[in-house]
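Student: Here's a structure for you.
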Amino acid sequence: MGKFQVLDHPLIQHKLSIIRDKNCGTREFRQCVNEIAELMVYEVSRDMPLEDVEVETPITKATTKRLAGKKVVVVPILRAGIGMVDGILELIPAAKVGHIGMYRDEETLQPHEYFVKMPDDLENREMIIVDPMLATGGSAIMAVDALKKRGAKSIKFVCLVAAPEGVKAFREAHPDVDIYSASLDEYLNEDGYIVPGLGDAGDRLFGTK
């Protein structure tokens, strides 16, 4: 069974508080989302395997540790997920980046996929899907479906805020996938927004309405 983990590090919670504020401007919102993602990847990558590597220091030869095995692919769900990519790449600069494009029907709240672009050999890669919000869970579930259909076997989902309804739906659909969030919020309102949430992350990241 995949785990659901809230990352409650003080720095993450501090920056999350900043972006919850409706008066947080686009520039600061974008910067904090990037920084939160960078802080979160420390925990998300905790179980990545290491291998011994021989290096020569200025003093002598030494056996050191480096990431081994599967190559990482960061997969933002367009468009809001893009805001989390650079923070992860700061710590895993060799990661590849795939993209999944989805939009949500404002009446039914159901997601619709319109674009998927991935590297080859997903079965040999560690996939990290990123999206600031886990609301109904529909987009996240569909994103995992798309990756599994293309052969991915090792998948993690990372978000900033999650609603209990979305977590429940996601875990029922994909019990093998770990979920990491900076917060578990209270509930979804009738418009499908997370409460208290942080509004429309895509609009706030890109200065649109």
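Placed from the backbone N, Cα and C atoms, the Cβ positions cover glycine too.
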Student: Say Swiss-Prot lists R79, D131, P132, M133, L134, A135, T136, G137, G138, S139, D200 as binding 5-phospho-alpha-D-ribose 1-diphosphate: which of R30, R46, R66, R104 is in the same site, per that record?
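Tutor: Checking R30, R46, R66, R104 against Swiss-Prot: the 5-phospho-alpha-D-ribose 1-diphosphate site match is R104.
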Student: Starting from the uracil site formed by I194, G199, D200, A201, give every other residue of that chain whose CB sits within 8 Å of the mean position of their CB atoms, in sequence order.
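Tutor: Result: P132, M133, Y193, G197, L198, G202, D203, R204.
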Student: Closest to A135 (5-phospho-alpha-D-ribose 1-diphosphate binding site): which of the binding-site residues I194, G199, D200, A201, going by Cα position?
Tutor: I194
Student: Name the residues of the same chain, 6+ apart in sequence, whose Cβ is under 8 Å from the Cβ of D131 (5-phospho-alpha-D-ribose 1-diphosphate binding site)?
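Tutor: Those within reach of D131 (5-phospho-alpha-D-ribose 1-diphosphate binding site), by Cβ under 8 Å and sequence separation of 6 or more, are P76, I77, A80, G81, M84, S139, A140, A143, F157, V158, C159.
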Student: Among the binding-site residues listed here (R79, M133, G137), which has the Cα closest to the Cα of I194 (uracil binding site)?
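Tutor: Its closest listed neighbour, by Cα, is M133.
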